[in-house]
């Protein structure tokens, strides 16, 4: 086991390294290596996103006829994880980065594009100044003006920082805290006053409602009955007599009692009929009951209509003829 870790090996005296045959391998031969995706990319075939740091078993080869300052440039072949499409990218030692070559598009390279644009503008400016001296003067004037503006802005920032350096932030915070407490206390007092006013108003309204209910529930005092004065009838003024119209005399008054009710006349008793014929009426025996007319004499009704009188006349004629 100890011979596996030796540093020096035995070479025989007749060893000739030139006699060892060399393998003739092509210069663009490929090796299988394990690597991680150097940047975020998206497959052009299926649209699958491949994130930076994803591991692949890639094939590596040396790019022919491309060298940067003696450093070789390598190309890598990987496959999409979804559609197995081939994606290639190569190293970029000039920018210490990688360059997408085929099969996918690189994402999130806005900073790189901005740097490339700045480089392009700078190169165009140098080309213009090389053949146009007036352009050189104009660019210098613009640069000096821009530099003066930057210096003015910087001076303003310095002055602002100096003014802020003398400000006591602790005192400002303390004043702000006191003002906040004062405002909070004032709001609390206003809330208490409003609450007290509302309570007082509710109490007054309740007292008024209670007093109204007591007044309604209390019984009215009994008034003593006024005794009629016996001589009060003498003090009253005599009522004027009602003037009877002509049409009332003919057809009667329009009272609540219907006028046809007077057409019914109660027949007279036999004693009354005898008196009407001229025969003397016998005196009633003592203890005998009096006639209905004498017992309950009906007072004549004033203002009887002509129709009622006509009915009484006809009734009297019928009674006479029957006798």
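Cβ coordinates are placed from backbone N, Cα and C, and glycine is handled just like the others.
The annotation Zn(2+) binding site is assigned in TrEMBL to 43, 46, 80, 83.
In the compositional bias 'Basic and acidic residues' (200-209), the DSSP tally of helix, strand and coil residues is 10 helix, 0 strand, 0 coil. Summarising the annotation, TrEMBL assigns compositional bias 'Basic and acidic residues' to 200-209 (among others).
The compositional bias 'Low complexity' annotation in TrEMBL covers 218-230 (among others).
Under the heading compositional bias 'Basic and acidic residues', TrEMBL lists 236-245 (among others).
Annotation source TrEMBL lists compositional bias 'Low complexity' at 278-290 (among others).
For 200-245 (among others), the entry in TrEMBL reads region 'Disordered'.
TrEMBL lists 274-323 (among others) with the feature region 'Disordered'.
Cβ atoms under 8 Å from those of the compositional bias 'Basic and acidic residues' (200-209) belong to no residue of the same chain, restricted to positions at least 6 beyond its ends. Sparsest Cβ environment among the binding-site residues 46, 80 (other Cβ atoms counted within 10 Å): 46. The binding-site residues considered are 43, 83; of these, 83 has the fewest other C-beta atoms within 10 angstroms of its C-beta.
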